[in-house]
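Engineer: I grabbed these lines from TrEMBL:
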type     : residues : note
DOMAIN   : 298-488  : domain 'Major facilitator superfamily (MFS) profile'
REGION   : 44-65    : region 'Disordered'
TRANSMEM : 95-119   : transmembrane segment
TRANSMEM : 131-153  : transmembrane segment
TRANSMEM : 165-184  : transmembrane segment
TRANSMEM : 190-210  : transmembrane segment
TRANSMEM : 222-243  : transmembrane segment
TRANSMEM : 255-278  : transmembrane segment
TRANSMEM : 299-321  : transmembrane segment
TRANSMEM : 333-351  : transmembrane segment
TRANSMEM : 360-381  : transmembrane segment
TRANSMEM : 387-406  : transmembrane segment
TRANSMEM : 427-447  : transmembrane segment
TRANSMEM : 459-479  : transmembrane segment
Amino acid sequence: MLDGSMDSSGGGTFTRSQTMNSSVSTIVLPHTVAALTNSSWEKKKGDATINTSPNDAPDMASEEDTDVEMGPDVVATPKDNFIDPDSYPDGGIEAWTVVFGGFCALFVSFGWINCVGIFQDYYQTHDLKSYSPSSVAWIPSLELFMMYLVAPLCGKGFDNFGPRYLLIGGSLFHVFGLMMTSLSTEYYQILLAQGICSPFGAGFLFYPTMNSTVTWFYKKRALAVGIVASGSSLGGIIMPIMITKLIPMLGFPWTMRVCAFLILGLCIVACSCVKSRIPPHPRPLVLKEFFTPFLEMPFILLTTATFLYCFGMFLPFTFLVLHARRFGVPDGLASYLVSIFNAASILGRTLPGYAADRMGLFNVVIIMSFFSVIVVFAIWLPSRGTIPDVIFAALFGFASGSLVSLPPSLVAHISDVRKIGVRSGSMFATVSIAVLLGNPLGGSLVPDVIHGDYWRMQVFSGSMLLVGSMFFVFTRMRLAGTAIMKKI
């Protein structure tokens, strides 16, 4: 295992010992080490343990320490690699200004992506009505895929240069893509403009914002991230209604231009307000950095859980309106289901964040993920009318909201905050594959969006949510064992 010693000067080192034919380094969780300012190291039964007072580790409810097995070349030196939690402002004008700017950035990035259900419905019944649901679903799938795929680039850029240049570049790409969409009439043109260019820029607004926010907060981290993420919910309320109202008045091209100008204004606010508390440390791009986190079992399990959950999570986003129209929900109300969904998501992205700071991030995520499974199987699957669809939109919006806002905090929970960019990028790039394939696979299970059945797609969605939820449980067990009441 691991031998740890502490000299009188307060310095600390780790040394590794050989076990059988392999060398394994065992370290205490990064967030636990980060919580130590005046910690003492003691050798106990051959394992490294950390003793600290409750004030030193606000995120840990138990005095027990959790060991994480790392890859053979990982060595932790808490003195050099981690940041004193007391150095986090956890509030103040500067910190909350970053939260406000992040709110605006999420409004125009993920808030725009939350409109996918409106566009799936519009394209399926207007410009692209000759295409199959699976073909049209590639447009929202590519939007989500690009949002997640750029995570490694954003992560490395954030660690090297900070958020400002990334936000400016993302704003330009996002607005340009929407302007080009307003001129598009063919499938491939919409695919390139709205499916690739616009979300590429939106991704450069999303990740630097989330990464910047976690550098300002420690005890209130989940709450702050939840407030930032609620910007995407508000965007998902306002913009679908705006699009639905403007298309009959102005037509599709000018509707897209109006949205682009609104997004440009909020991007300027975001670029002005968002900054990181941690100074950038430019280093050459080393591809190994993106793969090193996968030597850690907690990171592997967390990525797997998020991957599987996202495989099913975005299907209700995409097919909610079409399903409602199929089973008799009036057209006027069906268009508002996306806004109802996102309105409930505001609570889902803030209240669980507030609870997570007190109950533990993983505990809250597990509760909310299993709740979303119940909502899909118990309400959406048998739904055949207006009331069940409205109830589902509200409850699933609330349940899934936390699974959008909390994953960055989950990564930060098991990471050195100064490496959060690369580590979150590695996870979200992996998840992008699930996001890309989920909607087309789900769409292929709906033979006819107008007269067909949706149950196969609904079962597929619920099943992936269930398996993903189980892996969140496995991740928690890897960190804290079977201690149900432990805050983790």
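Keep in mind that glycine also has a Cβ here, set from the backbone N, Cα and C atoms.
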Engineer: The transmembrane segment (427-447): which same-chain residues, six or more beyond its ends, come within Cβ distance under 8 Å?
Structural biologist: 132-134, 136-138, 140-142, 144-149, 151-152, 207, 290, 293, 299, 302-303, 306-308, 310-315, 318-319, 322, 407, 411, 453-454, 456-457, 460-461, 464
Engineer: When the pLDDT values for the domain 'Major facilitator superfamily (MFS) profile' (298-488) are averaged, what is the result?
Structural biologist: 90
Engineer: Would you say the transmembrane segment (95-119) and the transmembrane segment (333-351) are in contact under the rule of three or more C-beta pairs closer than 8 Å, pairs 6 or more apart in sequence?
Structural biologist: yes
Engineer: State the residues, same chain only, that lie 6 or more residues beyond the ends of the transmembrane segment (387-406) and have a CB under 8 A from a CB inside it; answer 'none' if no residue qualifies.
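Structural biologist: Those are 110, 222, 225-226, 228-230, 232-233, 309, 313, 316, 320, 323-324, 327, 329, 333-334, 337-338, 340-350, 352-353, 356, 361, 364-365, 368-369, 371-372, 375-376, 379-380, in sequence order.
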Engineer: For the transmembrane segment (95-119) against the transmembrane segment (299-321), do we get 3 or more Cβ-Cβ pairs below 8 Å once near-sequence pairs (under 6 apart) are dropped?
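Structural biologist: By the criterion, they touch.
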Engineer: Using Cβ atoms and a strict cutoff of less than 8 Å, what residues sit near the transmembrane segment (165-184) while being 6 or more residues removed from its termini?
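Structural biologist: Same-chain residues near the transmembrane segment (165-184) but 6 or more away: 105, 108-109, 112, 154, 157-158, 190, 192-194, 196-205, 207-209, 252-257, 259-260, 263-264, 267-268, 270-271, 274.
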Engineer: Before we move on, state whether the transmembrane segment (459-479) and the transmembrane segment (190-210) share at least 3 Cβ pairs under 8 Å, counting only pairs 6 or more apart in sequence.
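Structural biologist: These two stretches do not touch.
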Engineer: Using Cβ atoms and a strict cutoff of less than 8 Å, what residues sit near the transmembrane segment (190-210) while being 6 or more residues removed from its termini?
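Structural biologist: For the transmembrane segment (190-210), the far contacts come to 101-102, 105-106, 108-110, 112-113, 119, 123, 127-128, 138-151, 153-155, 157-158, 162-163, 166-167, 169-178, 180-181, 183-184, 225, 228-229, 267, 270, 274, 408, 421, 424-425, 428.
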